[in-house]
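Visitor: Just passing along the structure, written as structure tokens.
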């Protein structure tokens, strides 16, 4: 059946075929029936993807929480990391809606307002963006944790961690933004949305999230950042390897 899955009339027609016309036409006949066509296949694909999205979200969020909990022996750090990463993902979804559904600035991309976002994109972006965000988060927090374990001063540890990792995060983000922005020049709608989403996400994550929100929240919470309930004290102590010390070469 021809049509568009984002068109209400087309979707209503497919559901009418699925739920009424086809069952009535083949009533009493022992046969499997299917409704074919781009619209029917698109609706089926969308419904299957959205129905499995909850499992993907639960797996990614749950695994990230557990890994951060063990790594930093803190219950506050994982919760804050998930909240900040979700803010980043939510901001990207908002930008995609503004550009590709509302048409804000879409002419810059040399494209036209379509009113749609590719069905596979939100879930696909969620997985990739969470991985990229967690990468920056781990890099920064590892350094902060090392400093805090060394002298126990939270504010000083945050400042040192930001200073020592800023160059790495900025450089890596600049490279990735450039690479992902190249996808935004594609004439294929899916690749264009993919490129815009990733480029905006990396830019926001490396600037607003890691440079502003994360340090601010770390400072405001103080030593509560490293709070671990007594009943979780059995968690293993994960420590980084000792820094190598240079030794004089033998003559």
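Including glycine, each Cβ sits where the backbone N, Cα and C put it.
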Visitor: Of the ranges 120-141, 230-251, which one does TrEMBL flag as transmembrane segment?
Guide: 120-141
Visitor: Out of 82-100, 101-119, let me know the one TrEMBL marks transmembrane segment.
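Guide: TrEMBL lists transmembrane segment for residues 82-100.
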Visitor: When you get a sec, could you say which of 33-51, 52-70 is annotated transmembrane segment by TrEMBL?
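Guide: Matching range for transmembrane segment: 52-70.
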Visitor: In TrEMBL, which of 1-23, 162-184 is labelled transmembrane segment?
Guide: 162-184
Visitor: List, by number or range, the same-chain residues at least 6 past the transmembrane segment (120-141) whose CB is under 8 A from its CB atoms?
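Guide: Residues 49, 53, 56-57, 60, 64, 71-72, 77, 81, 84-85, 88-89, 92-93, 96, 161-162, 165, 168-169, 172-173, 176, 190, 193-194, 197-198, 201-202, 205-206, 209-210, 214 contact the transmembrane segment (120-141) from elsewhere in the chain.
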Visitor: What else in the chain is close to the transmembrane segment (190-213), if you only count residues 6 or more beyond its ends and a Cβ gap under 8 Å?
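Guide: Apart from its flanks, the transmembrane segment (190-213) reaches 84-85, 87-89, 91-92, 95-96, 99-100, 109, 111, 117-118, 120-121, 124-125, 128-129, 132-133, 136-137, 140, 162, 166, 169-170, 172-173, 176-177, 180-184.
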Visitor: In this predicted model, what is the average pLDDT of the domain 'Membrane transport protein MMPL' (3-228)?
Guide: 83
